[in-house]
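S.K.: Okay, handing you the structure first.
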Amino acid sequence: MRGAASASVREPTPLPGRGAPRTKPRAGRGPTVGTPATLALPARGRPRSRNGLASKGQRGAAPTGPGHRALPSRDTALPQERNKKLEAVGTGIEPKAMSQGLVTFGDVAVDFSQEEWEWLNPIQRNLYRKVMLENYRNLASLGLCVSKPDVISSLEQGKEPWTVKRKMTRAWCPDLKAVWKIKELPLKKDFCEGKLSQAVITERLTSYNLEYSLLGEHWDYDALFETQPGLVTIKNLAVDFRQQLHPAQKNFCKNGIWENNSDLGSAGHCVAKPDLVSLLEQEKEPWMVKRELTGSLFSGQRSVHETQELFPKQDSYAEGVTDRTSNTKLDCSSFRENWDSDYVFGRKLAVGQETQFRQEPITHNKTLSKERERTYNKSGRWFYLDDSEEKVHNRDSIKNFQKSSVVIKQTGIYAGKKLFKCNECKKTFTQSSSLTVHQRIHTGEKPYKCNECGKAFSDGSSFARHQRCHTGKKPYECIECGKAFIQNTSLIRHWRYYHTGEKPFDCIDCGKAFSDHIGLNQHRRIHTGEKPYKCDVCHKSFRYGSSLTVHQRIHTGEKPYECDVCRKAFSHHASLTQHQRVHSGEKPFKCKECGKAFRQNIHLASHLRIHTGEKPFECAECGKSFSISSQLATHQRIHTGEKPYECKVCSKAFTQKAHLAQHQKTHTGEKPYECKECGKAFSQTTHLIQHQRVHTGEKPYKCMECGKAFGDNSSCTQHQRLHTGQRPYECIECGKAFKTKSSLICHRRSHTGEKPYECSVCGKAFSHRQSLSVHQRIHSGKKPYECKECRKTFIQIGHLNQHKRVHTGERSYNYKKSRKVFRQTAHLAHHQRIHTGESSTCPSLPSTSNPVDLFPKFLWNPSSLPSP
């Protein structure tokens, strides 16, 4: 096969380190016209043109003429002869070219290898992108592009163009004649392992042309297609191995098969991507390729395939079952676009083994019987022909190997079955390597460790992506907004979410759509209830790994996100973003009902329940409902008695974190909230708001019984207990009940004798803060309460109220026995002692014969006292 076609290979002048240019102008193609910007490639490499660009007739000189910009090469010391072989990136499309023949995208496209692309500087890369995209748009506007080429899709997505793998788009013709040139490879030390020698593996890889992909370098597509009746398929080039190879050997094979398939795809003579190539693209093992014969593949050509009977023979080096398939000779025109991509040819040759297979046709589409399938599953071996039918395979005998012969690895289990099962969770995998990586989840093994931060990973790909965090490398850039990403998947998600709005992944339970499968998988855990991420400290489980990471910072105390304004730190980036709105004043979430704006969306959602009256969170103990789940959680602590927030100074505990923060200000004396009217400061915003109503006169809380209004809700609630008689706070010592909790606290100090509030001037102590405040006015001389009738001032509002009765003549305190009426309770109390016989003297009064007559007068008119 190779010998027959070798005569058509021309011997071009090769570039150093690579093969020669592999294309020349096709007959009938019109000349191309240069665009205003043409790229000069670096001297180290060259682009690989498809159809006529920089062909033999154009390689004499670099592009010249007006509008051509030759970018500087990195290696200016290279010989001038090499610089002459630089090729232009794109060519413009003129109407006159249409008369000489249709122009395709392949006529104006240039490919780069990875090595060549890395030698381009950023200016050259940007120019390449612009020219290629402009050429495609010009062709599309003329209707010359039926579908978007992969290289354009990659450029639009910000990918590097050398990553493009061409999909097979045309007929796969099985009767092609392979033409390649054998190129010797340098021997590498310790290249082989086991029983494979250096000489054997190097000779085999060389004969199959796997290092430099010589088919792509030395093949003249146009000349071949015009002169040869048959075409080359990937099955003529692909090599399968049934013995475990060294990683270096695997790279040799993978790169070669990959590039050969890419070359055939660029020629446009393939119908679908082979399974072998798909597996290599997915970083899977090529021996996992499975073949399953299906029904009729082509209309008009029914009996085009013949399967081969298997002849068993034990082999000590590998396991599995071999099958082989042959094709009848067909022209390209006999194939259609509905080629079954699952039926892909491959060749399974054991390196160093001398094996050949005999051909014995059976009925088309005949599948393996269940009995034979069980036999294959049970034995799990490779079956070969008799020794008498084996042939020695050297470089010449490989050429004699029938081009239609294919040896396929079958395991007795059809495609779609998963072969490797995890013993821990029973999850199955199609590759042993995938199972190995998965098992590290159970063992906790993380063999890949970052030298920068010490973080470890269970697989190499995650480790490679992580390292970009330290290097800052973001190779994937969005062509719309210019945003760059560390991972290609992040770019795709960004592209769908912000630019295209595409959501191709639908939830089968609720129909919700997502832009990537990761979001869908996370969403489905809501339906399944799965929480696979568990905290090692408190054993709390989470649906998402990110939620676990944030939760673990509660235990570690880590707060990596710091505000640039106030230096406050947060454990979550979202919390920092919300906090920064406090400084900026931004409130992006607005209520459509009342126009009130909020900093967080969750606050808006809670606010909307005020309008709807919805209270979906109900306490199971008392049946009380709440509009916010956090309110329910706080309320439930009343029933459980839990007080998780404790003050480190006085050890006082609270049910809410906000209450602890308010309490801590009593120790620090901090009062950050100041009234702009009078300058009075407060430790809480709620106290400031209540105080400001004193100036505005606003009293939004109204009693439904008597209509009395109050400036704060707590005062209104306490007032309503006058009507209901409710006294919910009872002293456990004496059983006395009170309307307010603060009254109970003050009362309990009468039993304990505690007086925590001490005057800093005279040292006098009080059991209540208000008593201390009133006492301090004695030292300061402040009398804030003034009578509007006589302008007399008083220290306490109670004294003012008593004084007002002098003007009104009101006597509110009546003694039932004597029916005597008094203006003040003190007068009434003293009068009662007359009837009880209890002695009472005032230490500040002078000694008189009738202190009873003097004392009431002294209380309301101290000036009437005689001088001592």
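Glycine residues also receive a Cβ, built from the backbone N, Cα and C atoms like all the rest.
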S.K.: May I ask you to indicate which of 182-204, 228-250, 251-273, 757-779 is given in Swiss-Prot as zinc finger?
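M.R.: Spelled out, Swiss-Prot records zinc finger over residues 757-779, not the other listed ranges.
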S.K.: From 142-164, 395-417, 533-555, which range did Swiss-Prot mark with zinc finger?
M.R.: 533-555
S.K.: Determine which residues of the chain contact the zinc finger (701-723) at the Cβ level, with the cut-off under 8 Å and only residues 6 or more beyond its ends counted.
M.R.: 690, 693-694, 739-740
S.K.: Grab the pLDDT values for the zinc finger (757-779) and give me their mean, rounded.
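M.R.: Taking every residue in the zinc finger (757-779) and averaging pLDDT yields 89.
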S.K.: Any residues 6+ beyond the ends of the zinc finger (757-779) with a Cβ under 8 Å from its own?
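M.R.: Those are 746, 749-750, 795-796, in sequence order.
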S.K.: Counting CB pairs under 8 Å, which listed stretch among 476-499, 505-527, 729-751, 785-807 touches the zinc finger (448-470) the most?
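M.R.: Of the candidates 476-499, 505-527, 729-751, 785-807, 476-499 scores highest.
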S.K.: If we skip the immediate neighbours and take only residues 6+ beyond the ends of the zinc finger (505-527), which ones have a Cβ under 8 Å from one of its Cβ atoms?
M.R.: 489, 492-493, 496-497, 543-544
S.K.: Six or more residues beyond either end and a Cβ under 8 Å away: which residues meet both conditions relative to the zinc finger (729-751)?
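M.R.: Residues 718, 721-722, 767-768.
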